[in-house]
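Let me begin by presenting the structure, written as structure tokens, before commenting on it.
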Amino acid sequence: MNPQLFQLICFYAFGFVTVTAALSVITLRNTVHAVLALVLTFFSAACLWMLLDAEFLALALIVVYVGAVMVLFLFVVMMLDIDQEKMREGFVKFLPVGLIVAAAMLVEMLGLIGVRAMHMQVMGADPAAAAGTSNTAWLGHALYTQYLLPFEVAALILTVGVVAAVALTLRQRADARYESASQQVKVNPRDRVRLVKMAAERPVDESPVPPQESKS
Amino acid sequence: MADQLINQLLWPIIFILCITVPLIIAVAMFVYWERKVIGWMHVRMGPNKIGPFGLLQAFADVVKLLIKEVILPTKANRALYYLAPLLALIPALAAWAVVPFSSKMVLSNANAGVLYLLAMTSMGVYGIILAGWASNSRYALLGAMRSAAQVISYELAMGLCLVCVLVLAGSLNLTDIVNAQAGHKGLFDWFWLPLLPVFVIYFISGVAETNRAPFDVAEGESEIVAGFHVEYSGSAFAIFFLAEYANMILVSFLAAILFMGGWLSPFPDTWGFIGQGGFIWLFIKAFLFAFMFLWFRATFPRYRYDQIMRLGWKVFIPIAIVWVLVAGCMKYYGLVTIGTGV
């Protein structure tokens, strides 16, 4: 089996899994199953990227999306008590809107792909391989030299997002009672417990009564 | 054709078996060792009836678990209930693919080895969550929530510790990371010295991430019975057990590889025989770390849940972030010798 053929088979296998999983995300009735299908979609997409030698992106996709984002999704979905029947009620009503949105997105994507296809070749040469380094090293170098400003702007936007999310949800209820862990940690055991030294046994002062001889 | 098939499929499978089979046996012996050590610390005997010194106890337990019935709770989600143990086990075993045992002995000398490890360990949490959800039990669900929240929190601290190592070593490849710790001064060349706070944080986070004592609120016998695997019995429970212990051994090996010089000898290389590196050093170091898991378990009382979260988010992550900067400065000003320092 030559490597190219093997790679092709892998590509089609991963691609098939990706598309099937993506379809089942929107068709499965059980929401937890749908979230798991989304996890599978991400995972097989990461496998596809791995085939392109984009190892950093592939593993970052797994670490960030599969490992963190989807776990939170799963939490939320597991906690929700969703009425399946109610969810399906609006299907016919919203179908035209959904179709219009889907068609618009399809046209936009086709247009984008078409415009780009006119300007560049489908797959350029791998810049990491051209530079003779690994994908991760090349990506890090590019991010911190060529694209430093966009990178820092993106970091700033993400930080603002984090701060905003915390500020929106952080509410102190006046009547809530909570314990301050840092105060608890600082507690000195000597303030709480008094150790008293005392003899283990108290000496008995009176001498035991001598057993009386029974007169028999 | 047949030649290539053997080269591309047969040999990797044999190598994989060469890692997983000893790993599973190591888990069995580790369980025995744990019971023995904790027994000694409690001034008990530990298992001593089956085989010489009770050595076959773990295998007897495995046989017992395998022939027991796997019970499916009422209204449990059948598919996910059976899938969850496998989702816990597969990442725990797959992570071993990039672990280098000596300078030549590694299954996959991947360039992004550390990232791969992070990816695999972060996927183990699905087995826990799904086990908790699919078994249709409140205790199991509560245990899964606690466990997952804890794993995600401590993964961040762990990731930042890894960043410190990467900054110093300048590579994501685990073999390169060990080679970066080589030097003439023996154990004073390893990364535990410049990264001491991070090393401590890494190991404590590893204990927390594997849900071991004193961070085992996910199991919390007195509150939620046994956590996420309370409904599991027989071989399904055995698989969770295997995954947990395989993860503990993995964290021990990683602490040895990332901070303690992997297979390098702790003695200067001029000391002849004992100054040479070899996989035996890695096993000794990993064994010591694994022993510390048991020591912690026999020593410390369980943490309170809010204090676990506080420790992870408010103590470990800030220290690790600061130490990323410190490590960067150390690297920039050449305060740490990387490699043999020629």
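Here the Cβ of each residue, glycine as well, is placed from N, Cα and C on the backbone.
Copied from TrEMBL, the annotated features are:
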| type | residues | note |
| --- | --- | --- |
| TRANSMEM | B:9-30 | transmembrane segment |
| TRANSMEM | B:79-101 | transmembrane segment |
| TRANSMEM | B:113-135 | transmembrane segment |
| TRANSMEM | B:156-178 | transmembrane segment |
| TRANSMEM | B:190-208 | transmembrane segment |
| TRANSMEM | B:237-259 | transmembrane segment |
| TRANSMEM | B:279-299 | transmembrane segment |
| TRANSMEM | B:311-333 | transmembrane segment |
With a Cβ cut-off under 8 Å, give me the same-chain residues at least six positions beyond the ends of the transmembrane segment (B:156-178) that come close to it.
98-100, 103, 106, 109-115, 117-118, 191, 194-195, 198-199, 201-202, 205-206, 209, 257-259, 261-264, 312, 316-317, 320-321, 323-324, 327-328, 330-331, 336, 338
Can you tell me which recorded stretch out of B:9-30, B:113-135, B:190-208, B:237-259 has the most Cβ pairs within less than 8 Å of the transmembrane segment (B:311-333)?
B:190-208
Is it true that the transmembrane segment (B:190-208) and the transmembrane segment (B:237-259) have 3 or more CB pairs under 8 Å, sequence gap of 6 or more?
yes
Sequence-remote contacts (6 or more beyond its ends) of the transmembrane segment (B:9-30), Cβ cut-off under 8 Å?
58-59, 62, 93, 96-97, 99, 107, 242, 245-246, 248-249, 290
